[in-house]
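Down below is the structure, laid out as C-alpha cells.
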Ligand code: G4P
C-alpha cells in the first residue's frame, strides 16, 4: 500500500519486551509506563491481584484461576512522539515457549532486576535468548526504596553472570529509608526522591558533576560518597557506546523504584530516545526485508486460542515487518499460498481490545483466526512473496508421558495433539521403540494449558505422567545404537523421527559423554 508517511511512522515505533524473574517488579513498571503513556488511568489495572480487578491480559480461565498471565499480551501507547509497543511476557516461573517466541518479535528488551536479589534464574534464561538475537538490552534495577545490594556489586554481577558490558545511566544516592535520589549521569543532573525536602525541585542540573552554590544535599556526606563512586565507575568502567548497545554487547543500566514511581519517567525518556526503531527482518534465503518496503509483510509469532470461551476464537499475533497494514486488505499466507482477507484484526491496549484500522512495521496486530495460521507463518501483500526465517525451537526441559483417558476417544486425542503441536503449544516425542507419547515443554504451565485445551477444544481427557526434568540432546541417526539407552538416558524420537536422548541430569549426560566420546550431543536453542 502506498503510505507517504511510512518512514516517519516506522521510525517512531519502539517495540520491546520486559523480561524479569517473578516479583522483580515487571508488572509494576509496566503499569507506570502505561500511566505515563496515558494508556491507563489508574495503577492496578494491569494486575489487580488484590482488588480482584483482573488484568485484561488474563484472558483464559486458567489464567484467572491462578491469577497469572499465561499469555504474552501487547500494549500500545504514545509517548514523546513515539509509539511504544510493549509485549508482555508471563511473569510466573512457569513460563513457556510463548515467552521465548515473543522475544523473536521485538526490537529490544528491558530487563528488570530486584536490587536486593540481583540476577535470578529466569532473568538469566530470558537474557540468553535475547542475547543470542543480538538486540539491545536495557536494564532497570528496581526497588531502590528498599535496602538492596551495592550498585557496584550489582553491575559486577551483571557483567560476570551475563557476560555483557554495563553502563550506568544513573546512580543511586542512598537506598531504602536513606534514599535521597539519583545522580543522572547521562543527563548530568540530580533527581530527588523527595523533592519537597530539596526546595521543591525534582531535578537539579549539575556542572562538572557538582551541585552549584549552597544546596541542602551538599551538606550530606552521602553525596560525597556517590561522587566518589561515580568517579570510580567513570574511570574504571566501560564508556557509553551506542554501537555496542545496538548490538546487545552493552546494556545501559537505570536504577529506580517502580512502586514509588521514581526514576521510571527518566528511564522511559532515555529509553525511547536510545532504543532502536524497527529493524529489517531476514528471510529464509538470508536477505533482509526493509521495514520501509511499501508492501505489507509480517510473521505469526504466537497463537492464542480460546481467548474468549464463549466465542472459541483464536488470535494469531503478527509482527508487522514491512509496509502498512490496512483493515480489510488481502494478503497471502506463504505456506499455503492461500489468499486471506484481514478484516477482523485487533490491536491491544491495556484496557481495551480495539479494532485496528492501520498499523506499520514494528507494530503487532492480532488477526482473528479460524485455524489457518501456524506459528512461524509469513503473510505478505501482493508481489512481496517473502518467507521469514523459521522461528527457533527451544529445547524443552520438562517431560510428561501422555495417553488418552478414554480409549474410545483416540481419534480426537490424536487430532488434538497434532494440532496443538503444529500450533507450537507443546513439543511431541515418542519413545524410540514403543512409540509411547511424550510431550515436552520449557515450563510447567504449557502442560496445564495443553490439558485444558485438549479437553475444551477436542473433548479429549488426557492422563499425564510426569517424567520430571530431563536434558534433551539430539544425536546423529547414524551414530545411534539402541543399546546406548537406559533408564537414566531414555531414547526417544522427535516428530521428524530424529533420535534424541532424555538424560536424567547433568551427571548422566557426562557419564554418557565419557562412555561414548564420539557421539555428538546437540541441543536446540
Ligand atoms: P512481577 O510482575 O515481576 O512478578 O512483579 P510485580 O510488579 O508484581 O511486583 C512484585 C512485588 O514487588 C509486588 O509486591 C510489588 O508491589 C513489589 N514492587 C514492585 N516494584 C517495587 C519497588 O520499586 N519497591 C518495592 N518496595 N516494591 C516493589 P507484592 O506485595 O508481592 O504484590 P501485590 O500483592 O502488592 O501485587
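Just so you know, the numbers here start at 1 and follow the chain as drawn.
Cβ coordinates come from backbone N, Cα and C, glycine included.
Looking at the domain 'Tr-type G' (11-279) alone, the prediction's average pLDDT is 84. What TrEMBL lists as domain 'Tr-type G' is 11-279.
DSSP classifies residue 23 (GTP binding site) as coil under the three-state reduction. According to TrEMBL, the feature GTP binding site maps to 20-27, 88-92, 142-145.
The C-beta environment of residue 144 (GTP binding site), restricted to residues of the same chain at least 6 apart in sequence and closer than 8 Å, consists of 115, 172, 175, 176, 179, 255, 256, 257, 262, 263. Ranking the binding-site residues 20, 89 by how many Cβ atoms sit within 10 Å of each one's Cβ puts 89 at the top. Annotation note: residue 144 (GTP binding site) sits in a coil segment as assigned by DSSP.
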